[in-house]
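**Student:** Residues annotated as transmembrane segment in TrEMBL: 120-144, 191-211, 354-377, 425-443, 484-512. Annotation comment: TrEMBL describes 540-671 as domain 'STAS'. Under the heading region 'Disordered', TrEMBL lists 707-733. What TrEMBL records for 723-733 is compositional bias 'Basic and acidic residues'.
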Amino acid sequence: MSESSSTVPCPVLGEELDPVASTGSEAVSGVLSPLTEALFQRHFGGAEQGLDPLPDQLLRGFRDKLFRTCSRREAWRLLRARFPPLTWLPWYPWRTWLLGDAVAGVTVGVVHVPQGMAFALLTSVPPVFGLYTSFFPVLIYTFLGTGRHLSTGTFAVLSLMTGSAVESLVPEPPGGNLSSTDRMQLDLQRVGAAAAIAFWSGAVMLGMFALQLGFLSTFLSEPVVKALTSGAAVHVLVSQLQSLLGLPFPRQIGYFALFKTLAAVLTALPQSSPAELTISALSLALLVPVKELNVRFRERLPTPIPGEVFMVLLASLLCFTSSLDTRYNVQIVGSLPVGFSQPLIPSLSTLPLVLAYSLPIALVTFAVSVSLASIYADKHSYAINPNQELLAHGISNLVSSFFSCFPNSASLATTSLLVDAGGHTQLAGLFSCAVVLSVLLWLGPLFHYLPKAVLACINISSMRQMFFQMQELPHLWHISKMDFAVWLVTWIAVVTLSVDLGLAIGVIFSMMTIVCRTQRIQCLVLGQVKGRELFCPVRESSKLCQFPGLRIFRYPAPLYFGTRGRFRQTMGQLLGLERQDEELMKSHGSAETGAELVQVVILDCSGIIFVDVAGARELVQLASQCSAARIHLLLAQCNAPVLGTLTRAGLLDILTPEQLFVSVQDAAAHALESLVKVWGEGVGGGKIMRSEGGLRDNEVDRKRKLDNGIRSGQGGGTCMKKGNGEPRGEGACDWDAKADEVEWKLREGARGWGNTS
């Protein structure tokens, strides 16, 4: 512990236990005085003591951070934070993990090849650019990412969103009959548009990293992310019907694109190609069972069966030997360029148009990647850094755009495959890159005769996990109806409208459910557990004790503009403030709740985690109404920001610092002492104090105390009666003949409350 620490050692046996007691003249040895906020801050220090103005704090924090960064130790810490492999690589168990990473990396790389080409078609660019996107982003994320089990590269949802944007930015000319030169020119323009989207989506994520907006991942709830991916899987399925059936119609974009595509499919169905339909049926007949076998026998198989690779090789061989491309006009991939394309800077001339598409793509990239990384990080007991993930994916998208790559992110299918194959760290990404590199440099000609219908089948089969997320709906309904509604609204919005608009609707609806939940909060009435300093919510069947003239409330929600109306209504009903103009005149200035006269109210503020201007004014107004109704209001357990806001709103113009307490127990002790002072004459009261054993009275006139008063040494009190006159439960205190006398004393004491507190 540093020498500048303000903590003090705990007292040893025989020393003074309560530093506050030493300053009070009325404190009895062994009895703790009620502790107000003012006393606590005076003796122990408050959260706002010794704070400089905000500009000075910011300047000092920037200066300290700059000086720390210039030190060798801080520079090394910063380097390790920006390059996570420097943290885990020195402790890497080479003998036990290297083989698993190698096998997993090769397995994922083998799957990356056909999936990359398939998702490139989904992005409306030539297949080879899918291989580029399966190489450069994976290589960059290996050195910058914090998700050790994350597999990045092409992702169906992003490819779908990017493809819609590319089709909108570079539409196909009317008619669709293009020469080879015109087709090549159109493809180059679309590649440039996709690269520009990747560039600006990376720039958006780098801007979010600069602003340290990684915390935004908390607003993307699990139902929203899963509904987004499940809804996007439906879009992928429908969009691939054109390639599956060999139908000649342009791709549908914009809102309601799914229904437009279905209508176009039904219209063009008589023109479908029997050869491509047969290839699609055989491909799905092989891919789907292999996927099921990999899942069912996951524990027994040393590595998953690469069904995609077998399908690609068989289809290419069949198309080559049977000349399906020339005899039956089957669409094939064609020649794949060997090596890499020349690095180019994406065009910046269409920035306003491209930026509108890049922003939702960046948000989806961040949401899916951080969600997947968090799932596997929790499973394998390590932590990820959302801000570092922004940096990693931002750089991987921005830099890879120079090599004509389209937007990329973590992939649900390949991440699951990497974990199942025994991958442990990002070293698996290097082996995956080696496989893709070998295809780009040497093995590319083998895929010349690959039918595009097979790539469409690979796209559909890779959506298996996303479709199966719907199986969680009954479980989600059982746990939380509200989260079920969030899932359903997001999914419907994604399917009917579009992926990006559906994401926005899902996030907004999810935030609205939080607001609705805070508005449904009920103010709780607290009672004391007999013999303990513990206050719990009172229910109809509870045996908790409540004290005559004292009510303790807890509001377990933030107090802001959305909840102030509910707070005002609830407190008005509980305290009878809505009819105070009539009834307070009859009751000599005190409020009644039911048949019980309330003279002191304690508001437990531990659940009020923050207040805004509207909430602070509402609480100040409540204090003013209580003061007018001669109700003594005490606030307990306010956190420092809430207390500061209430103070600036003028709360201390109505209440005194002696009405603000550190805990409910201290406030209750103070209230009971004051109530006994009101009862004192003619009823045989005593002085109520807090001790280490709970709330108790002193030994003065104990035998004269009312049976419905505070029971000595038990921390209990009179349990309030039900409406039928019966006590609330076993152990409750029965009303005796002096109840009327107590009520009369309370009414009389309400007039002179200020002199007794």
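Positions of Cβ are set from backbone N, Cα and C atoms, glycine also.
Where the annotation comes from TrEMBL, it is an automatic prediction and has not been curated.
Keep in mind the model is a prediction, meaning the values are calculated, not measured.
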**Student:** Any contact between the transmembrane segment (484-512) and the transmembrane segment (354-377)? By contact I mean 3+ C-beta pairs closer than 8 Å, pairs at least 6 apart along the chain.
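**Tutor:** Yes; at least 3 Cβ pairs under 8 Å.
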**Student:** Under a Cβ pair cut-off of under 8 Å, which of the recorded stretches 191-211, 354-377, 425-443 contacts the transmembrane segment (120-144) most often?
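**Tutor:** Looking only at 191-211, 354-377, 425-443, the most contacts with the transmembrane segment (120-144) come from 425-443.
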**Student:** Taking residues 6+ outside the transmembrane segment (425-443), which of them lie with a CB under 8 Å of any CB in it?
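**Tutor:** Sequence-remote neighbours of the transmembrane segment (425-443) are 84-85, 88, 92, 97-98, 101-102, 104-106, 108-110, 112-113, 116, 128, 131-132, 134-135, 138-139, 141-143, 145, 148, 150-152, 336, 338-340, 418.
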**Student:** Sort out the residues at least 6 away from either end of the transmembrane segment (354-377), same chain, that have Cβ-Cβ distances under 8 Å to it, and list them.
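**Tutor:** Long-range Cβ neighbours of the transmembrane segment (354-377): 145-150, 152, 155, 157-158, 161-162, 165, 168-169, 193, 196-197, 200-205, 208, 214, 216-217, 220, 222, 224-225, 228-229, 383-384, 386, 389-390, 393, 397, 407-410, 412, 415, 419, 499-500, 503-504.
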**Student:** Using DSSP, what's the helix, strand and coil tally for the domain 'STAS' (540-671)?
**Tutor:** 61 helix, 26 strand, 45 coil
